[in-house]
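Taken straight from Swiss-Prot:
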- 1-21: transmembrane segment (TRANSMEM)
- 31-51: transmembrane segment (TRANSMEM)
- 81-101: transmembrane segment (TRANSMEM)
- 111-131: transmembrane segment (TRANSMEM)
- 133-153: transmembrane segment (TRANSMEM)
- 178-198: transmembrane segment (TRANSMEM)
- 211-231: transmembrane segment (TRANSMEM)
- 251-271: transmembrane segment (TRANSMEM)
- 311-331: transmembrane segment (TRANSMEM)
- 421-441: transmembrane segment (TRANSMEM)
- 519-539: transmembrane segment (TRANSMEM)
- 650-668: transmembrane segment (TRANSMEM)
Amino acid sequence: MYIINLILPLIGSIITGLFGHKLGNKLSIQIAVGCMMLTALSSLYIGYEILLCNSVVHFKLSTWMQVGSLNVEYGLLYDSLTSIMIIVITCISSMVHLYSMDYMKADPHKTRFFSYLSLFTFFMMLLVTADNFVQLFFGWEGVGIMSYLLINFWYTRLQANKSALKAVILNRFGDFGLFFGILLVFLVFKSVDFSVIFTVAPFITEYTINLLGYEVNAITLIGSFIVIGVVGKSAQLGLHMWLPDAMEGPTPVSALLHAATMVTAGVFLVLRTSPLLSYSITILNILTIIGALTTLFATTIGIVQNDIKRVIAYSTCSQLGYMIFACGLLNYNASIYHLTTHAFFKALLFLSAGSVIHGLNDEQDMRKMGGLVNLMPLTYQCMLIGTLALTGFPFLSGYYSKDIILETSYATYYWEGTFAAIIGYVAAFGTTFYSFRLLILTFFNKPRMQYKTIAGVHEASTNMVIPLVILAICSIFIGYLTKDLFVGLGTPIWNNSFFAYPYNNLILESEVLQRELKLLPLFAFIYGVLTPVLFYFNLKEDRMVHLIKNPIAKESYFFFVKKWYFDFLSRVLIAVPFFHLSYDVMNKDLDKGLWEQIGVTGVATALVNEFTEFKLNNEITLSTYISYIVQAILLIIFVGIFSFMIGFLYVELFVILGALYLCLPKIK
């Protein structure tokens, strides 16, 4: 069951990708969707065994590689964290597959699309079931390359090409950090296996590594590189620029990327390595600050966006910030709780937005929408449920998961927790503001489309509606039904999946907070609803235009529109200098300049010139040509032998020095 659960998406991807043209589009797509549905059902069964029966399954399949002391085995680890993740991944992915059957119906390359979707899911499953860092990194890289292929699915679009490259390049910074973190893990622990590392971690909390002459705590240094990987993959502040550009892919890709797969990989990495990272207060503080600032940043940017998908994308970035700073405050169970509920209502929002875009002939600008509440009533109801869940409306999913993060953050009574809680409350207001702004501009007021567009507006088809209804039901009930399972005081399901200090019982503290603090999210919700209603409902004049006549409001507006100038600074300080260095210096001045002159082109030109001058001054015979050819061949042979001997001597020298180095301890 466990192996089948992992390989079913791979089987669906191979059949659809390699044999789709022979089997036909319809049959191959049905196979891919069927494999994903079976995977989701098997994940639910595994969740029953692991979560409700309170068991852990860990087994080794084979030895992957063995080089010296490095022994990497291919194994699968199904614990509470893994079972929650595979349920979320496969359920959301199966809904996206079903939705895409009609959404991509007219696309000529739909078999390739479904193959990519299934392979994307397989790599994410491989990542979360890994029992060692190397296997996790393999899944990590697979998710990255598949995101490139999916964002760039419509490869004839220039903007899609640029967005996919941007996503890959920025994620390479994160991959670089994780790669070096894994190298340091092996250097310190002599193993990459989670069970070994987490068992030894408490005994090396004082171990240091000499870095450029400074003694640095080993766990802090390892954690720093892991955090770089988390920041890149989960689009946290600094490496977030790829996230809104990823909207260039098809809308189902956005739902899969930003709900259950790629962006949650960073949060999963923090949760998986929590038995290691929790021993470094520095790393926990960094996670808290980065997560809180990302929440604030994404909220302010989302307020001024006009693209319906980009608004939802920035809300994803903001919610990921909640999860990250919850991890930094050791609220791991609250973080995975919010990750789970967020996956369902965020997938609902993206797929509802896809239904709107599909009905409006691919229009994404909210300023060109309006009046759709009567034309697309079911889509409106689903979008409303997703919006209410996102904003924390009482008794919906987001209400339980987001409020527990805010309450436990304030209950830490440290400055980091207070800082994160204050930003979280402010972001809760901003989230409500831009969510209802989206709802009002899209579904209310007078239609702002062309008449021919209005005439063609239609509700989504059955295959697109079924996932919306299922996700809407989950967005309403899953937070309430799973609250005790995730954050209940008596829940035993987490066992050793997470690490927390024994005195870190923040759930109890959050239950006795002041009433005013518990009501703050509700006040933020009320004001967040009233403000966009005041500015955008039944517009007779653009009230925002009058607002930004105020100099401070105007500067703030442009600061947010320019995305805090991150794109500008990254282009001016990083991209342009590197392009100048690579093209003007390395390419023109060196590759096509200096190296050509002292290399093949320069030598050939000099020889031709010399020989031409020699011919003009001397009589050349056939024997002279033969003599020169023989001399050239002998010269080439001599140079080759000489180079080989020099290289051989260097190798011998290194061998001798290495032998002496190994013998030195014995001599002493």
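Keep in mind that glycine also has a Cβ here, set from the backbone N, Cα and C atoms.
Most Cβ pairs within less than 8 Å of the transmembrane segment (1-21), among stretches 111-131, 178-198, 251-271, belong to 111-131. Proximity of the transmembrane segment (81-101) to the transmembrane segment (178-198) is not established, fewer than 3 Cβ-Cβ distances being under 8 Å for residue pairs spaced 6 or more apart.
Using a Cβ-Cβ cut-off under 8 Å and counting only residues 6 or more beyond its ends in the same chain, the transmembrane segment (111-131) has close neighbours at 5-7, 9-10, 12-14, 16-17, 20-21, 25, 28-29, 32-33, 35-36, 39, 58, 73, 75-78, 81-82, 85-86, 89-90, 93, 96-97, 100, 104, 138-140, 142-143, 146-147, 149-150, 153, 193-195, 250, 252-253, 256, 260-262, 265, 268. Long-range contacts of the transmembrane segment (31-51) within the same chain: residues 1-2, 4-5, 8-9, 11-13, 15-16, 23, 57, 78-80, 82-84, 86-87, 89-91, 93-94, 97-98, 101, 114-115, 117-118, 121, 125, 485, 493, each at least 6 residues beyond the stretch ends and with a Cβ under 8 Å from a Cβ of the stretch.
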